[in-house]
């Protein structure tokens, strides 16, 4: 427990307090969570075992699926269990752990999406130097830098969270611990800390989104010299990436680039990037990617 706090546990209100809706939430989100784990597990195993998916794009997709599965495992189980619990408590230490881990895997997901956009940029704009620029060593170093960056970001978040004093109110109107709802409970002026949250999380989301948009504009401009078939294939891959980017960054920017105010819609928006995106990523990348679909068919049909 923090030395600044007299609170040793919090109460999570969850998505709803209606008993009937809570039962529905249990069933729906349990299925979504299992589907998320299964979908990302299939991609992880397929990329690891398939000889045809050795390009840098699939190297980065492997880590995107891994971070998606971890982000979902950080948040979804408690939401599912709490939907059937009478008293939805989370200890102070568990709450701080959830703040750290959700930001760690969420930030890593952002960095991997940037790496995937960089991969598409090199593949389309500099195709002859693709394997030289993005060799396995370079890809590994980029992923390690992503892990380090995520650790720095989440460490800054947990440092801010641990400085918050809690003197009595301990009811969090959310389904997981995050800085925004915690700021409402703190018995201090949180203006400066909220500015630091916006500077940290908000800036990462907004700057990353702008970088990704610029990279896709450059890619689209470069496609003008491609054949019709080349354009179709490149656009198919880039469209998949862009759908994932919009689904993830839209809610993140909404949540982390504003003053310390909470809205009723916040919980629904948070569902998009904590539960929805980790589920949709494997679907988008498999349904829209012939190479992944074919590799899955070969691998899993031979197993069966």
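Glycine is treated like the rest: Cβ placed from N, Cα and C.
Residues or ranges marked as transmembrane segment in TrEMBL: 24-45 (among others).
Positions annotated as domain 'G-protein coupled receptors family 1 profile' by TrEMBL: 39-285.
Feature annotation from TrEMBL assigns transmembrane segment to 57-80 (among others).
Annotation comment: TrEMBL describes 100-118 (among others) as transmembrane segment.
When Cβ-Cβ distances below 8 Å are used as the criterion, the transmembrane segment (138-160) is approached by residues 56, 59-60, 63, 96, 99-101, 103-105, 107-108, 111-112, 115, 118, 179, 193, 196-197, 200-201, 204 of the same chain, each at least six residues removed from its ends. Positions annotated as transmembrane segment by TrEMBL: 138-160 (among others).
Packing against the transmembrane segment (191-222) from elsewhere in the chain are residues 103, 107, 110-111, 113-114, 117-118, 120-121, 124-125, 153, 156-157, 160, 163-164, 179-180, 183, 234, 238, 241-242, 245, 249, 252-253, 256-260: each is 6 or more residues past its ends and has a CB under 8 Å from a CB in it. The transmembrane segment annotation in TrEMBL covers 191-222 (among others).
Counting only same-chain residues 6+ beyond the ends of the transmembrane segment (234-256), those with a CB under 8 A from a CB of the stretch are 57, 106, 109-110, 113, 116-117, 120, 124, 180, 197-198, 201-202, 205-206, 208-209, 212, 216, 219-220, 223, 226, 266, 269-270, 272-273, 276-277, 280-281, 284-285, 288-289. Under the heading transmembrane segment, TrEMBL lists 234-256 (among others).
The annotation transmembrane segment is assigned in TrEMBL to 268-287 (among others). Residues 15, 29, 32-33, 35-36, 39-40, 42-43, 61, 64-65, 68-69, 71-72, 75-76, 79, 102, 106, 109, 174-176, 178, 240, 243-244, 247-248, 250-252, 254-255, 293, 296 of the same chain lie 6+ residues outside the transmembrane segment (268-287) yet bring a C-beta within less than 8 angstroms of a C-beta in it.
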